[in-house]
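*Asks:* In case it's useful when we look at the structure, here is the feature table from TrEMBL:
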DOMAIN    46-233  domain 'Dihydroorotase catalytic'
BINDING   His55, His57, Asp149, Asp302  Zn(2+) 1 binding site
BINDING   His57, Leu58, Arg59, Asn89, Asn275, His306, Pro320, Gly321  substrate binding site
BINDING   Asp149, His176, His229  Zn(2+) 2 binding site
ACT_SITE  Asp302  active site
Amino acid sequence: MTTLIKGARLYGEDPVDVVLKDGVITSVGEHLSVPTAEVIDADGLIALPGLVDLHTHLREPGREDTETVETGSRAAALGGFTAVHAMANTDPVADTAGVVEQVWRLGQEAGLVDVIPVGAVTVGLAGERLAELGAMADSAARVRVFSDDGRCVADPALMRRALEYVKALDGVVAQHAEEPRLTVGAQMNEGDRSARLGLGGWPAAAEESIIARDVLLAGHVGARLHVCHVSTAGSVEILRWARSRGVQVTAEVTPHHLLLTDECVEGYDPVFKVNPPLRTDEDVHALRAALAEGVIDAVATDHAPHAVEDKECEWAMARPGMLGLEQALSVVVQTMVEPGLLDWRGVADRMSVRPAAIGRLPGHGRPLSPGEPANLVLLDPAARSVVDPAALASRSRNSPYAGRELPGRVVHTFLRGAQTVTDGKAVK
Ligand code: DOR
Ligand code: ZN
C-alpha cells in the first residue's frame, strides 16, 4: 500500500510531499506524484514523528471496566501516539514474563499503537522482593522500563539492587518518587491552601528527598534512572545538579502538571485529585522552563482511567489519577508552543525522540526521512475545540480538561504506514 501526503509541514517547516510505502517513508520532496497512491491532503497540517508515551495506565488485566488495552490504544492513536508504555500496576501485577507477554499480545491484536509493557520492580508492587526482571526483559515483550508506579520503591537497598539489575539489562528504573512516610493521609499539595481546605498535605519534600536519594544511588551504581511525573520546582533543581555531575537520570512531566495548579482543588471536585498532586504557579513555571531547557526530557501522560464511582464521590475517598492521552498534545501546544517555549522540533524531541530513546524502542522517535519507519502524526495547529468527556475513546470519563477549549487537533496518525486515525477518527 502506498500513500502520498501532499503539502505537510514537517516539524512546522515549509510544506513538502511525503510518500509512505510498505510501512516506510520512501521519499520526501516537492511535487511528488505516485499514480497508484492514496492521496492525503495535508494543507496546513504539521507532521511530527508518532508520539511515544512513557507512562500509560491501561488497566488490563483486572479493571477492564475502566480501560482495556484496546480502548486505551484507541485513545492513544487519537492523541497522535504510535507507542505507549503500559504501567505495571494491573491486577494481576505485570511482574512476570507471563503477564507482560499477555499485555504485549493484546496490544498487537488491537493493532492501533505499539503497546510496550512496563515490568514491575518488585513482586506484587509490595516493595519487598525484586520481580523477575531478567525474564521480563528476555520475553517477547522485550521489557526495558521497570516501575512500581503508583508506589515508590522506598527501600534504598532494594532500589540499589534494582538499579544494578537494570544496568545489566540495558533497562531503566522509572521511579514514582514519593517517600511514603511523608505522605500518610495526603490529599493535595501541602501549603496554605491545604490548611485552609482542611485536606491532608503532600509536601514537595516527599518527592524531592526520593529523587535526591535515587540520583545518588544511580550515580553510585552507574545505572539509568528515570523519574516519573516530576511535579515541583525543587525536583528540577536536583535533576539539574545530578545531570551536571554526569548521573544518567532522565525525567518526565505530565500535561496536567504543565497546565493546572492546586487552585483547581478549591471546588473539591475529585477529577483534580492526582498523585503527585497539582502544585503551585511557581512549580508550573519551573516545570515548563525545565522542559524547554531539556532538564526534563519528556512529556508523559500518566493517563489514569478510573470508574465513575471512584471519582464522583467524596474527595478523600476518590482515587488519584486523570485521563491524558487524547489531550496531551493539545496541552503541550497551549503551555509550550503558543508561549514560545518550544518549537515543533522541540515537541517532536520531548514527545517522541527522547521517550523512545529512554524506553530503548527501535522504530519510534525516528526522523521523518526516507528509509525510516512510517510512524507519524499530522495535526492541525489552528483548530480549537472544547473537550467533551462523553466524546472520548477512553472507557473512563475522568478528564480534568472537561469544558476547556484547547488548541491543536490530531487529524491523521500512521503506524508503520497504516492509518490508525483518519480525519480525526480512529479507523477501528
Ligand atoms: O494519580 C495517579 N494515578 N498516580 C499514580 O501514581 C498512579 C495512578 C493510577 O494508577 O491511577
Ligand atoms: Zn506514579
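Cβ atoms are placed via backbone N, Cα and C, with glycine included.
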*Asks:* For Leu58 (substrate binding site) and Asp302 (Zn(2+) 1 binding site), determine the Cα separation and express it in whole Å.
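*Replies:* Rounded to a whole number, the Cα-Cα distance is 10 Å.
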*Asks:* Could you tell me the mean pLDDT over the domain 'Dihydroorotase catalytic' (46-233), as a whole number?
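*Replies:* It averages 99.
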*Asks:* Those binding-site residues, His55, His57, Asn89, Gly321: which ones have a Cβ sitting under 6 Å from ligand 1?
*Replies:* His57, Asn89, Gly321
*Asks:* Tell me the Cα distance separating Asp302 (Zn(2+) 1 binding site) from Arg59 (substrate binding site), rounded to the nearest angstrom.
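*Replies:* So the alpha carbons of Arg59 (substrate binding site) and Asp302 (Zn(2+) 1 binding site) sit roughly 12 Å from each other.
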*Asks:* Using only the residues recorded as binding substrate (His57, Leu58, Arg59, Asn89, Asn275, His306, Pro320, Gly321), report the maximum Cα-Cα distance in Å, whole number please.
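*Replies:* Among the residues the record ties to substrate, max Cα distance equals 17 Å.
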*Asks:* When the Cα of His306 (substrate binding site) is compared with the Cα of each of the binding-site residues His55, His57, Asp149, His176, His229, which one is closest?
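*Replies:* Closest recorded candidate to His306 (substrate binding site) by Cα: His57.
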*Asks:* How far is it from Asn275 (substrate binding site) to Asp302 (Zn(2+) 1 binding site), counting Cα to Cα, in Å?
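*Replies:* On Cα coordinates alone, these residues lie 10 Å apart.
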*Asks:* Which residues, sitting 6 or more apart from His229 (Zn(2+) 2 binding site) on the same chain, put a CB under 8 Å from its CB?
*Replies:* His55, His176, Glu252, Val253, Thr254, His257, Pro276, Ala300, Asp302
*Asks:* Work out the three-state DSSP category of His55 (Zn(2+) 1 binding site).
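*Replies:* Note: His55 (Zn(2+) 1 binding site) is in a strand by DSSP.
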*Asks:* List, in sequence order, the residues of the same chain other than His55, His57, Asp149, Asp302 whose Cβ lies within 8 Å of the centroid of the Cβ atoms of the recorded Zn(2+) 1 site.
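*Replies:* Near the Zn(2+) 1 site, beyond His55, His57, Asp149, Asp302, sit Thr56, Met87, Gly150, Cys228, His229, Ala300, Thr301, His303, Ala304.
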*Asks:* So for Pro320 (substrate binding site), how many other CB atoms are inside 10 Å of its CB?
*Replies:* 21
*Asks:* Let's check the environment of Asn275 (substrate binding site): how many other CB atoms sit within 10 Å of its CB?
*Replies:* 20
*Asks:* On the three-state reduction of DSSP, what should I expect for Asn275 (substrate binding site)?
*Replies:* coil
*Asks:* Would you mind sorting out which binding-site residues among His55, His57, Arg59, Asn89, His306, Pro320 put a C-beta under 6 angstroms from ligand 2?
*Replies:* none
*Asks:* Quick one: which residues besides Asp149, His176, His229 have a Cβ within 8 Å of the Zn(2+) 2 site's Cβ centroid, in sequence order?
*Replies:* His55, Ser147, Gly150, Ala174, Gln175, Ala177, Glu178, Cys228, Asn275, Pro276, Asp302
